[in-house]
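First comes the structure, then the notes that go with it.
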């Protein structure tokens, strides 16, 4: 899918008032949480929910009338034209008021100040492809998943430091880590992506275990029978469950959590899935994800030129905002008031598309993030 319209002048920051379509739903929604619904009913509540794609026009790089859910306008801006090969893992560093993200195939970690436009770059060429990152609870460090290991990265020294853990040898596959985040209690939870995922090869999910002062280890929490591709993770406010995207199956799943914030198993040894939202393939594939102050799920639709908002209670698509590039990878709330959605994108196969691989900033009046990024509780040793 390619964009059309007037050419972009990439030397300047561009603003677009794009068509932002969503539909009012005339249903009565239950206020009861899914944890109060019987297990059998919970698991079928939104499984296979058929989301009707709203009728929208093709996004164009020019100003257009904008209609949005609730009558509010969304503005989309190409905020940083960085041409990342595969931009991913955006994380708002609240203390620094900067946005950190990775270019997976470019083997780079970027830290950007949206106010001053200053950009710091850290190369990971020596150790491989970085896939996701989270701030450390103590110290000026990032915890970064690179290939099949987890490293500390020193922001001030701009270098990759200590390896904290790696996937146990018997569980290593031709794969790399993909998306992950620190849970509300500080445990890094991260999924993998098989090199042959297109051929149907499955993935795994791990949590970074060990005491805060180390040593750390990676513990498998989802097996290859339970996951196809690990992407987008968010937690409910009570941390009783987490949502995550399984991109290959085009579904977003809600799982009951253990005390670390990782998917939990019952007495029968099986994972307890509470809900599932399935997205039609023509909408794009669910990639990275975040949630807003109301608990709604904001999902990047890779291949669908959009981010979309879904109700975790009903599975309904509440809003869809078009981004003027096809490969949209991950949204995150940032800014001083957490009222900007920063969106990473990929340039793979889109060399001639203006803005591809850039960072887009979305502003929607009244929509804010729930909280800054959770921090990883890991040991910082000199």
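Heads up, residue numbers simply count up from 1 along the chain you see.
The backbone N, Cα and C atoms fix where each Cβ goes, glycine too.
Quick look at what TrEMBL lists:
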type: ACT_SITE; residues: 287; note: active site, proton donor/acceptor
type: BINDING; residues: 88, 231, 287; note: divalent metal cation binding site
type: BINDING; residues: 176, 178; note: substrate binding site
type: DOMAIN; residues: 86-346; note: domain 'SMP-30/Gluconolactonase/LRE-like region'
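Distribution of TrEMBL features across the structure.
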residue: 88; record: divalent metal cation binding site; Cβ within 10 Å: 26
residue: 176; record: substrate binding site; Cβ within 10 Å: 20
residue: 178; record: substrate binding site; Cβ within 10 Å: 26
residue: 231; record: divalent metal cation binding site; Cβ within 10 Å: 30
residue: 287; record: active site, proton donor/acceptor; Cβ within 10 Å: 27
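A gap of 7 Å separates the Cα atoms of residue 178 (substrate binding site) and residue 231 (divalent metal cation binding site).
Here the candidates are the binding-site residues 88, 176, 231. The one whose C-alpha lies nearest to that of residue 287 (active site, proton donor/acceptor) is 231. Here residue 176 (substrate binding site) is positioned 14 angstrom away from residue 88 (divalent metal cation binding site), judged by their C-alpha atoms. Of the recorded residues, residue 176 (substrate binding site) and residue 231 (divalent metal cation binding site) place their C-alpha atoms 12 Å from one another.
Excluding 88, 231, 287 themselves, the residues of that chain whose CB lies within 8 A of the CB mean position for the divalent metal cation site are, in sequence, 89, 178, 179, 232, 245, 247, 288, 300, 302, 329, 330.
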